[in-house]
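See structure below.
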Amino acid sequence: MNNDKNLVEIDDENLLFRVARESFVSEEVLAEEYEKIFDRCWLYVGHTSEFKKPGDFVTRTVARRNLLVTMGTDRTINAFFNTCPHRGATVCRERSGNSKNFQCFYHGWVFGCDGNLKSQPGKERYCADFITGGAGNLVPVPRFDIYAGFCFVSFNAEVEPLPDYLAGAKEYLELVSKYSESGMGITTGTQEYAIRANWKLLVENSIDGYHAVSTHASYLDYLKNINDGFSGAKLEGKSTDLGNGHAVIEFSAPWGRPIASWVPIWGEEGKQEIDQIYARLVELHGAEMADRMAYKNRNLLIFPNLIINDIMAITVRTFYPQAPNYMHVNGWSLAPNEESDWARKYRLSNFLEFLGPGGFATPDDVEALESCQNGFSNYRLVPWSDISKGMGKETANYDDELQMRAFWTRWNQFIGGAPTPDSGVQYIPTIALA
């Protein structure tokens, strides 16, 4: 792509921030995004709770690459390319499970859960140290690391250390991990669906507090119309640029949170349990942090495409573009391991009824994003989208657009080929752009 073409325009003097709609429709831009962003950044691949004992595994597609993530016999979690080093066949064709060995169906090579080649038909016709020398082992992903239970991979061996990359987002991953003394865990099941829109529209939407009242009016009306579905909290809060393209909105809201914000519809039994959870949070973390954990909602973006919605349930969501106007979405529910059946019931109900592909919110959002994508057919004559709301403010509200500007500023540093003015925090270098 011609780097002289501006896809992001920032006018600090006139408080204007615009994004070229060409970036949502261009095949050339998409190719650059895979090369310069998805091939260089840290990407979410799983959670440590999915690996409880040696041999536990999941297979995931991350940035078009099929990966096998396993717990080895030494209880270390490893990530490998899910392709046989012999001829390339997929080694593991199951989504998850437990197996000490993985056998390629094509020629029968067998690999241990640590990725090492254990046996092969006709091994006497290979050199003596073919197995022991490692020539036939599964190939590990260049970089793998874990932070606060969240597992990340990078296809760039030179990527900076994960804690440095996460910058200010570390605090929010740590916060989620502290909800439970016994640990947080991914619950059974995965939400999978597709959206006929550009992936960056879902980035914007996921951290957009501006659209809630209008787009999700049906859900808010539903809460109002059922008996005691609302608390007295108002929709209000702030947005924060966390550095390196990461951002968060943190806000109060009228719905209940199993950790640990009660609403009357949950009944007195539920109130007793919620009160106990809250009291334990105070004991462990102090009253100020307990209030933040219990009563504040958070929509967190970790650049480029990990969203953690810590609202009426906790959703971990990733999405990858298949075309400029098409993406695949995967979502998982995260919950305290010790959570009672009662609390888990309400958590999963919230996970489905608001955040699920058949719930109140996601169909609204999908319709909105696909409508935007359809509107981009006019991009040559209506070339710009505006993301200026709240520019120039010392503190941005949750329904301002600082958080989107943080994403787009970082995106432009990768795709535009040169640093741009930052949106409020000191620029922290990550992967070399040369």
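Including glycine, each Cβ sits where the backbone N, Cα and C put it.
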Fe cation site partner of His211, His216 (as recorded in Swiss-Prot), chosen from Asp56, Asp74, Asp365:
Asp365
Helix, strand or coil at His216 (Fe cation binding site), per DSSP?
coil
Counting every protein chain shown, other Cβ atoms within 10 Å of the Cβ of His216 (Fe cation binding site) number 17
Cβ neighbours of Cys104 ([2Fe-2S] cluster binding site) where a neighbour is any other Cβ within 10 Å
22
Using C-alpha positions only, work out which of the binding-site residues His211, His216, Asp365 is nearest to His86 ([2Fe-2S] cluster binding site).
Asp365
Inter-residue C-alpha distance, His107 ([2Fe-2S] cluster binding site) and Asp365 (Fe cation binding site) (nearest angstrom)
46
Per DSSP, what is the residue count of the domain 'Rieske' (43-153) in each of helix, strand and coil?
6 helix, 46 strand, 59 coil
